[in-house]
Amino acid sequence: MTVPSRGETPGPPAQDRLTHIDEAGAARMVDVSGKDVTARTARASGRVLVSPRVVELLRGEGVPKGDALATARIAGIMGAKRTPDLIPLCHPLSVSGVKLDLSVADDAVEILATVKTTDRTGVEMEALTAVSVAALTVIDMVKAVDKGAVITDVRVEEKTGGKSGDWSRS
């Protein structure tokens, strides 16, 4: 812990600080050059609440625009790979794998993304972006039938690897 100079107020402990904000309060990209390259994985999930008619179509003949789940799966994979282009302070990473699982529940399309890398920082944002882009694509694919579809519950479920170790929501 750094001892503050006279007249300065000590800041919060490092684990209580926002890493993307510098001492002056300006946004910055965190320097990860000193971190070890390790295997890292993140899983994120989300749901798109849809009408009973959309559920019926997805389980049967499909929606008018085409294969909604296959299109959303590919969009989610593309989203994970483009995360640093969308999230300003995200590091470009060597994403080594992205898996998207989409399933039709009684009232929603459920989305689960798993992203893997061997790099200096985690892939939580890539997993969240994969879920978000897949969910947006589901909305685009079903909007002709259900203009009231809702994206909800987008969240990280677990992460492994890195200095902070493993974490799981459960």
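Keep in mind that glycine also has a Cβ here, set from the backbone N, Cα and C atoms.
These features come from Swiss-Prot:
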type     : residues                            : note
ACT_SITE : Asp140                              : active site
BINDING  : Leu89, Cys90, His91, Met125, Glu126 : substrate binding site
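Annotated features, which come from Swiss-Prot, shown on the structure.
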residue	record	Cβ contacts under 8 Å, 6 or more apart
Leu89	substrate binding site	His20, Ala27, Arg28, Met29, Val30
Cys90	substrate binding site	Thr83, Pro84, Met125
His91	substrate binding site	Met29, Val30, Val32, Pro84, Asp119, Arg120, Thr121
Glu126	substrate binding site	Ala42, Ala80, Lys81, Thr83, Leu93, Val95, Val98, Val115, Thr117
Asp140	active site	Lys65
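Cβ atoms within 8 Å of the centroid of the Cβ atoms of Leu89, Cys90, His91, Met125, Glu126 (the substrate site) belong to the same-chain residues Thr83, Pro84, Ile87, Leu93, Thr121, site residues excluded. In three-state terms derived from DSSP, His91 (substrate binding site) belongs to neither a helical nor a strand segment and is classed as coil.
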